[in-house]
Amino acid sequence: MPKQQRKVSNAIQQLFENKKKGVAWLIDPGKFDPNSISDVFWENLHGLELDLILVGGSQDESSDLGELIQFIKERTSPIPVVLFPGSYQQVCPEADAILFMSLISGRNPEYLISQQVQASRTIQNSGLEVLPTAYLLVNDGEICSVHRKSGTLPLLNEELDLILDTALAGKFLGMNYVYLDAGSGSSSSVSTRVIQAVSSELRLPLIVGGGLNKLKKIHQCFEAGADLVVIGNQIEKDPDFLVEVLNFKKFYNEELHVN
């Protein structure tokens, strides 16, 4: 299935190079209820400059994933839809790109390399744009669904040297993006100290998500050096939160005179 090559990577790179801030909406297929989102909400997204839509979660089942992505695209095109796979079974050619992640904060070979091997041929044949991503779970010690699913513990916000060493290892292995994730629904988020250190040390596009349920936290992430923030769980509770965040992002970017 032909895709517009490097469409998503170019968009992220432009955020990084121009010091603009981006927002991604993470949709978990296992939790998403299309009936909970009004037509007005979908229509409003077109004028609010949502950068990406991530689709994926901790559930392995993917039988309806293609239908969900088509549903989303019909309402949000041309916003790119990017897979955030919880397993090799969540590779879907209907998407535009895939975060090809290795969970390098843990030591479970299943999510360091095994799932990736099982997905590789399907990805090759799909035409998906591939975004090689170093994925690190970081919070204050809270165990979320992603930790239970992956059989790994999060790195602690206080373990700054270990986090930096781990992220650097991902960079040296050739990964183009770093994703720091506190975990969906986490009460703690990735600390600004960690974000700032990783951003300045690695100089790669930095994605941050998990526990971002207030505008204040979004602002802190932007100030610390995140290029793209990911919001999911809070939008499930309150879809209008996405509108608030996108309006804030626009204001923030305009204040920086980068538009």
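The backbone N, Cα and C atoms fix where each Cβ goes, glycine too.
Those TrEMBL annotations? Automatic predictions, nothing curated.
TrEMBL has this to say about the protein:
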BINDING   ASP28, SER58  Mg(2+) binding site
BINDING   TYR179, LEU180, ASP181, ALA182, GLY183, SER184, GLY185, GLY210, GLY211, GLY232, ASN233  sn-glycerol 1-phosphate binding site
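Features as recorded by TrEMBL, highlighted on the structure.
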residue: TYR179; record: sn-glycerol 1-phosphate binding site; Cβ contacts under 8 Å, 6 or more apart: LEU99, MET101, THR133, ALA134, TYR135, LEU136, ILE207, VAL208, GLY209, VAL230
residue: ASP181; record: sn-glycerol 1-phosphate binding site; Cβ contacts under 8 Å, 6 or more apart: TYR135, LEU136, LEU137, VAL138, VAL146, VAL190, VAL208, GLY209, GLY210, VAL230
residue: GLY183; record: sn-glycerol 1-phosphate binding site; Cβ contacts under 8 Å, 6 or more apart: LEU137, ASN139, GLU142, CYS144, SER145, VAL146, HIS147, PRO154, GLY210, GLY211
residue: GLY185; record: sn-glycerol 1-phosphate binding site; Cβ contacts under 8 Å, 6 or more apart: CYS144, SER145, GLY211, ASN233
What whole-number value in Å do you get for the largest C-alpha pair distance within TYR179, LEU180, ASP181, ALA182, GLY183, SER184, GLY185, GLY210, GLY211, GLY232, ASN233, the residues recorded as binding sn-glycerol 1-phosphate?
17
So ASN233 (sn-glycerol 1-phosphate binding site), by the Cβ count within 10 Å over all chains shown, scores 20
Across all the protein chains here, work out how many other Cβ atoms are within 10 Å of the Cβ of ASP28 (Mg(2+) binding site).
19
Just counting, how many other CB atoms are there within 10 A of the CB of GLY211 (sn-glycerol 1-phosphate binding site)?
24
Quick one: what's DSSP say for ASP181 (sn-glycerol 1-phosphate binding site), helix, strand or coil?
strand
Should ASP28 (Mg(2+) binding site) be counted as helix, strand, or coil on the basis of DSSP?
coil
